[in-house]
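> Below are the features listed in TrEMBL for this protein:
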- 110-121: compositional bias 'Basic and acidic residues' (COMPBIAS)
- 376-389: compositional bias 'Polar residues' (COMPBIAS)
- 395-410: compositional bias 'Low complexity' (COMPBIAS)
- 19-89: domain 'N-end aminoacyl transferase N-terminal' (DOMAIN)
- 441-583: domain 'N-end rule aminoacyl transferase C-terminal' (DOMAIN)
- 103-144: region 'Disordered' (REGION)
- 372-412: region 'Disordered' (REGION)
Amino acid sequence: MADPRAELSIVCNSGSGCSECGYCRGEDSWVSHGMCTTRLTVYAYQDLIDQGWRRSGRYLYKPDLAKSCCKAYTIRLDVQQFSPDKGQRHLLRKWRKYLEGHQVEGTADDGPKNPEERGQRGTEAVHPASASADVMAGKPDADPSGEVNEQVLGELLAAALAAAMAAGDLPAAMGAALHTPPAVRRCTAKQSRVLPADTRFTSAAAFPLASGLVRKATAAGAAAVRNADLGDGAASVSGQPHSPKLPKPLRKAMPPMEGALSAQEVAQLLAKNLNGLVSRGWTPASGSWHALVKSEAYAQNGHVNIRLPQAQPADGSPSAVVAMTAAQAGSKAAAEVGCPGRGGKGPNAAGVSASCGTAGCNTGSGCGGGTDRGANPSSNPWIRTTGDQPSEGHPAGSAAARTPRRGAAALSAQSPIDSALLAMPTGRLQIRMVPSKFIQEEFELYKRYQMVQHGDEPSHLNSGSYIRFLVHSPLPYVGRAQDPSAPECGYGSFHQQYWLDGKLIAVGVVDVLPRCLSSVYFFWDTSLAELALGKFSALQEILWVQRQLTTSPSLHYYYMGFYIHTCHKMRYKAEYRPSDLLCPVRKVWVRITPQLLAAIEQRPFLELSAEEGALCQPNLAAPSSKLTEAASSVLTEIGSVNTGAGTLARDDDEGEVAGVSAFDTLVLLPEDGRTLPFQVLRSYDIYSRYDLNLIEQEISSWRAAVGWAAPSLLYRL
């Protein structure tokens, strides 16, 4: 039987392009590289996804973080170290009670009831998958913080206006100045750059309210002036008698109406009453008060801005983070660098020194290598880039230098995962993993979900687009007979069905890959919004990965798509801890810590691995030889800096890192289906020299995007 790892994948390069950003609505500000494929091995896709690629149907795309307005970092979770937090445990208890027949009510921990969970236009986004149809169309994920969206906040602002008029803060007639209810909008990218980081929404309703009073004053003054100057029955401009319209200079010269307010004063009164309503537990007609608990309004330049503070860990101090991660590692080697570590067991990991994973990588104070956790007490795949220098007076390799700080291993020790905590009682609820194929019942659920959650027109929801998006997959199935390391279901694309009392209530589209379960899309029965199916399904997908560890130990990651820190709706993904982000420059994994998020807050595009105190892990997509070379390079260049501040190195050298030049790239001729290296193609009299030069440029650009995966891909001309 042929080795599935040796098979080549066929791709057709689409090149780079720009489009409207679905997260900040920037025009032509979202830049990505794309390619189409009809056959892509799970091994090649694993290496691609480890370098920032995602798929939507048979189309693959990779955002260009350096050029795009919103920086989409690939995020993953190591399920071996995952433990549910308080809110996640509460949701699991709620589900158990529901399955036992108890009535349940929505809470703040459950997420919102009406907005979408995967959302692209809504605001819930509680399920960590990214490659949705709307995201591909440039629409953002939904908000995980609850039902705090434009609609709810618009209702709240209207209620604040009514309260201000009832209390006498604003004139009772002011409401007539608005022909439509006051609108609240999400801050644009330009606004976000000058506003505080936690300011997510804004409203300009104070301007028409304030100008409404001015118009009334102007009308009254105009009538008085005309009556005095022109007399009754005198004709005015445009032939209308007693027109209140005055020339602009005259209007400006008139004294303001007694009691008139500026837009800033109106905004201050609206913000005061809005905060008062929130503190008293005001409930919107379209949702729950719990989602608004942490919102706070303030006035600035006549606008009502609304803050949604980001919750911080109970103890986010650097020492606590270091101590916790060291204890989680469960070894002196991990405690030495203050971070958790597990040797990778992927196809490229055997016998590889655990460095940052790229040739010439130098992240500050050096990296330690080794994949066998027991062979070398100082080896650990996790690498602290700075701040772990040997103590004064002790050699770097001495026992004293390896001793962790006092109490580091005792703080926040994480017990082994108890999968029973995530599991649900069998009977009413059944979760089935089935191969990706068209099922009418799934399609009907998808249509209902799209119409309710996304407002899609029924005429736009046809089986063809559904099949292209969620059924078609370029990943051929690989069973255990072909690869003994595969899980029982095999590798490939699947639909994880959720059946409640014999009724299909949700479907998660997932890819099972050699090192991870990658979540693609999730749709659910909107009549069960109070059960927070998005969050619940994410926990069940994590549980599924945990259950594969005994037979497929290399499959221990859960990929949640993209994390965009500047998009508040994406930040919930960091709540599944401990998670890692892919460094866009060095292509190594960096543990998410409060310090790292604070750095991203200041500069959204970062060389994550170069940040002080960054906890790095090598990328298993890198060839073994490259991992070893990177370790040697780093050990001989400790302390040097490769790039200066503000001059981040791009990944344009990934083609060289892959170890194969553009001339060695295998190309597929469309005319006769022949496969040959590009260097050989140049010697054939098939294309002109001009065309060959263009093809070479396209291949070089493509190689920079696919990086280490290039040798396993067949480039179709």
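Even glycines carry a Cβ here, placed using N, Cα and C.
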> When DSSP states are grouped into helix, strand and coil, how many residues of the domain 'N-end aminoacyl transferase N-terminal' (19-89) land in each?
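Split by secondary structure, the domain 'N-end aminoacyl transferase N-terminal' (19-89) comes out as 12 helix, 25 strand, 34 coil.
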> Do you know the DSSP helix, strand and coil residue counts for the domain 'N-end rule aminoacyl transferase C-terminal' (441-583)?
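Reading the DSSP string over the domain 'N-end rule aminoacyl transferase C-terminal' (441-583) gives 54 helix, 41 strand, 48 coil.
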> Averaged over the domain 'N-end rule aminoacyl transferase C-terminal' (441-583), what pLDDT does the prediction give?
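For the domain 'N-end rule aminoacyl transferase C-terminal' (441-583), the model's average pLDDT rounds to 94.
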